[in-house]
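Colleague: Once you've had a glance at the structure underneath, I'll fire off some questions.
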Amino acid sequence: MGRIFLDHIGGTRLFSCANCDAILTNRSELISTRFTGATGRAFLFNKVVNLQYSEVQDRVMLTGRHMVRDVSCKNCNSKLGWIYEFATEDSQRYKEGRVILERALVRESEGFEEHVPSDNS
């Protein structure tokens, strides 16, 4: 097997895989904390890196029927949640392309402040 190359999304509050600590996303990508997964509380994120995706599955959830893919850590293969590919209800379309990470399967930690110089400095 070859090397695994991981992305780092940066940010002051980071979410990482609870099993291997691979960085997944940051707090600025967080959309909602009001979701529930198989292990309990779950968070909806706009952008998440370092994931592997399963085949598309048709699931009936509390909010209706969705086409989803399970997501797992690219580094250690631990299951982390799912990504919404398609929602049949118009009111649920905002979830499409967004990722659910189950709170019990990720760890939140301090990141770092990035100073990006402006053109004026």
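FYI, residue positions are counted from 1 along the chain as it appears here.
Every residue gets a Cβ built from N, Cα and C, even glycine.
Swiss-Prot feature annotations, pasted as is:
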type: DOMAIN; residues: 13-110; note: domain 'Yippee'
type: BINDING; residues: Cys17, Cys20, Cys73, Cys76; note: Zn(2+) binding site
type: MOD_RES; residues: Ser118; note: phosphoserine
Colleague: By DSSP assignment, list the helix, strand and coil residue numbers for the domain 'Yippee' (13-110), in that order.
Modeller: 12 helix, 59 strand, 27 coil
Colleague: For Zn(2+), what surrounds Cys17, Cys20, Cys73, Cys76 with a Cβ no more than 8 Å from their Cβ centroid?
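Modeller: Counting only non-site residues, the set is Ala18, Asn19, Asp21, Ala22, Lys74, Asn75, Asn77, Ser78.
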Colleague: Given the binding-site residues Cys17, Cys20, Cys76, and counting only Cβ atoms in the protein chains shown, which has the most within 10 Å of its Cβ?
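Modeller: Result of the Cβ crowding comparison: Cys17.
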Colleague: Once the chains shown are all counted, how many other Cβ atoms turn up within 10 Å of the Cβ of Cys73 (Zn(2+) binding site)?
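Modeller: A count of 23.
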